[in-house]
Amino acid sequence: MATKRKKWLAAALLVGVAAAGATVLHFGGGVTRALSFGALTRAFDGSPPTAAQAGGSPLERQTRPYIVVFPEAPVASYKGEVSGLAAPARATGGSARGRIDMRSAAARQYVQHLKRVQATREAELSRAIGRPLQVRHRMQHAINGVIAELAPAEANRLRRMPGVRLVEEYREYEIETDTGPLLIGADRLWLGTTPGNPGRFQGEGVVVGVIDTGINFGSPSFAATGPLDGHAHVNPLGAGNFLGTCAPGGIDAGRCNDKLIGGYDFVCNVAPDPSQPTQTICTLTSLYREEPGFGDTNGHGSHVASTAAGNHREVLYKGRNLRISGVAPHANIVAYDVCYTRLADGRGLCPNVSSVAAVDQAVADGVVDVLNFSIGGGADPWSDAVSLAFLNAVDAGIYVATSAGNAGPAPNTLSHNEPWTASTAAAQHGRDDYALLLDVTGPAPVPPALQGIVLNEGTGGVSLSGPVPGTTPLVVSPGIDTAADGCAAFAPNTFQNAIALVRRGTCAFTVKAGNAAAAGAIAVVIANNQPGGIIPSVPGATIPVFGVTQASGDTLRDFAAAHPGAVTAGIRYPGVLIPNTPDQLAAFSSRGPAGAYDLLKPDVTAPGVNILAVIAGTTVTGFENAVGLMSGTSMASPHHAGAAALLRQAHPDWTAPEIKSALAMTAKREVLLEDGTTAADPFARGAGRIQVDRAVRAGLVMHETRTDYLAADPATGGDPATLNQPSLIRGSCFLRCTFQRTFRNTLGHRQTWAVRVEGLRGAAWPLVFSVAPGESRTIAIVVDSHAIAPDGRFRFGTLVLTPVTFGTGTLPTLRLPMAIAVQPPALALAPEAVGATVPAGGIGSVTVDVRNEGGSWLRYSVERSGSGSVTIARAAIGAQFSGFRSTRYTDSTNPLAQFAADDFTLGESTRLSRLVADGFVSSGLPLASTASQLTWSLYPDNGGAPAGNPETAPALAVWSYTAAPGSPGVSTTGGTIALDLAAAGQDVTLPAGRYWLVVHARSTFANRWVWFASDSGSGGFSTITLPTPGAWSATTAFPGLAWQVEGQVACGAPWIAAAIPSADVLWPDGSRSVRLVLNAGGLAPGAYAGYVCVASNDPLRPRVALRVSMTVTP
């Protein structure tokens, strides 16, 4: 079983915290007694499991780390609620909005109090699961909770206990600069040339925490003295004092300095596989690359850290001497290692248990000002442990910059929907690369297409150090058109002193490069086997390796075939500058809207395409001077974090939300989509590309509180649109909608501002206002949506605040993006079937409520002809937050697959029209980016279980359909899977009978799809795990799964005489009772059934059928 709250069901959590002090965590796995899924009903009753309940399959007994959150406030958000324990003060030397003083007596006393409370809670949890609780880590600073080893059934038991706010299972999220700082205006803060001259700021005295893959600690970018400007960093802890594993006796002792002041390893000792409980990431060396300590063997964390706060320095890149720098080059750095590298595909994976521990430690350290988190997650912020830890970190005074995700350009693909963090889209910054170019030199004539072929240099291997002469032979692999080209050894001297051309496919790039080098090649060019380019990952390669597009590879192949043994070529060196369009969004940059939340995300855009910064090698030493290009919202986020660090230095009295508002309200809106011509809307760019030299001069800023963030949780009736965000959004704005926003004057003088709405019909009040120094003012904004079509599509506008009096020469105009939509009407009938008993020859009636659950006028009429849709089965999630896995795994053989099924019964032949299964992806990523295929299967009933299953008995299905997410008729909103059968070209008509529906995704185990359980249903459902136990098992833990099955039926029956009233118009949330007159005249005694159709302007269900039954008595 897996768990996760739907965003509209998540309960507000008062989360808590952890003792200061640094340790290398051990998150092991173990096998312990657990409850089988079939025993869950009794396991939830609050008593320990009995011996009869224990057992179940080996999979169900396996334990893995879970995050258990308790209700008491952590140190970060504690306000003195416990009698006799004062709230910790803010650190001295700053303003009241500074960091909490974690070393104060009050903070230490409250930590000890939480430790005592946790001990009591742990004892209660131990009694509940019938064994001692294995606690791997305790936290009291950013979150109040523990990381403990639990079996799935035990975790579900704990979720029902009082005093437990959240139980989150182990998840893994993926990890998601030379000209960049200049584009965003950082150089003007460095030099003090910003209009109004607020001063020079390069991050002095500010500490940036980087939660990532570790750091290349020997790089000059992280040296105590800047290599280029000679800046001597000052350690805020005092010279020679370091945090975490850099402290004396730590595994990283000697690796820190006055710039890199600390680091931690929260990932090495995680046990990721519950079937190997004693094996950790650092011991499974055949599967993963990770070393003890915070050293980096991936490169991602080093790249991020140097982009945010790396020193000014010169580097050699592709033969060119270039200058690079972080956005805040004089800031200090603390590295939190939470990610490892999977060798099979080179992906960086980051366990949630590691990340939440890192956030807690960053708060406990008491010196971090800004956190960067270029890692996925955060789709459901009010029910995600890491997201809630970030909330408390923000409350403690830490700014949190996050990546928006790399699942674009499709809509609703964002990571980090937290309103308290600041997410970042990625755009170009004017320089693409310094490209190495391949020129074919003979035999003449050489086609123009073979001149200046762009080579993508491989990573992790040997770099080109000089030009390759144009007289060098170019030899094409004999197996260039085979799927496994280069995977086996070539004949000796096949590529002697030549450039080898091989094809991508089957085996690793390193294998191809090694075989080509063994056959005499001096360089290898790998042609893609599908459209587009590639950047080969070739750790350990001994010769330069490059990637080219499929088209270039084919052209080279064909030319060589026409001139066997005669082709020569060369490679230009140094690289040639290739420009691009600045502020053009990357196609991969994820897009809004933010799921079902009224939140405008991403927040801002920053450079994130081909960023040149520090990288790392496959060991923690030996790659100190390595630099390279990376692209992703991961690279955009540290630009954002660095900008926030500069603002924290320039304005230490600004809160984290105020810094976010300044960056957003002063951002450059002129951002283009990936096509280079279309203007990007706020769901793509957020407020725009950050311009820190404008943000530092913002005359107004906006604050928000932790209390209000928690109160905005929709699951508890909250409304995110009411938050004091630097944006305004309403997804359902009928006729008009109103907002309030509060601004604080940052200036030393009174300032007047004029307010207007652009792009939408609306107004603000007051139109003009004046605020004294430090004073706050609330304005009201009204949007008139009468003219907006009720189609659910967002329209965009801008709230503009313009300075109109003294000082306007240096004050930027402030702009807040707006997004408004009017939802279509939505027809609902209650009940969905009606019936009456009428004497023969008599007249009777039944009543049904017609409801409008949509966002605009519903116009309906009751008709007794044609056809309509009927709901065959429907079960809502209700108060459940658990589910059952239904996934065919692509990377696991034990289990190979796990499926869930629920049943429905048809009383007559019915044509199916729509299938909906509510679920979630365990990793928190969008289903559209994690599942390669989705499959729907219908099985006849066989003794109370499905007659077959999709893996070992698929032929027993009466119907099955497989499609990729995004295919015609297939929709995936978050983790919910819906299929419109007609749009998908499926015609499914079933005779009367009982059927079982299985819906499953094809994905990795880490990204498994989980089908939500429901509070309602037929009383149970079935699950199966393959290969063992391999049989369907009835499950009564919940009444059913969350789903909906719809069909099409003919409407009309001669005995349904009339509908009163037969038509009406309803407001949103309105309803009307309709009486159906039944005439039994001329009918023999017996049972009769038919349907009436309710036609309306509901675009999704324009004709809904209501089942009407009549029993005629003598």
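Glycine residues also receive a Cβ, built from the backbone N, Cα and C atoms like all the rest.
Model, not experiment: these values are computed from the prediction.
Here's what TrEMBL has on this protein:
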- Asp212: active site, charge relay system (ACT_SITE)
- His300: active site, charge relay system (ACT_SITE)
- Ser634: active site, charge relay system (ACT_SITE)
- 66-175: domain 'Inhibitor I9' (DOMAIN)
- 203-674: domain 'Peptidase S8/S53' (DOMAIN)
- 471-556: domain 'PA' (DOMAIN)
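What TrEMBL annotates, mapped onto the structure for a quick look.
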residue: Asp212; record: active site, charge relay system; CB count, 10 Å: 31
residue: His300; record: active site, charge relay system; CB count, 10 Å: 26
residue: Ser634; record: active site, charge relay system; CB count, 10 Å: 32
Cα-to-Cα gap, His300 (active site, charge relay system) vs Asp212 (active site, charge relay system), nearest whole Å:
7
Return the average pLDDT for the domain 'Inhibitor I9' (66-175) as a whole number.
89
Pairwise CA distance, Asp212 (active site, charge relay system) versus Ser634 (active site, charge relay system), rounded so that it is a whole Å:
10
Helix, strand or coil at Ser634 (active site, charge relay system) [DSSP, three-state]:
helix
When DSSP states are folded down to helix, strand and coil, where does His300 (active site, charge relay system) land?
helix
Mind checking how the domain 'Inhibitor I9' (66-175) divides into helix, strand and coil residues in DSSP?
36 helix, 27 strand, 47 coil
Run through the domain 'PA' (471-556) and tell me, per DSSP, how many residues are helix, strand and coil.
17 helix, 21 strand, 48 coil
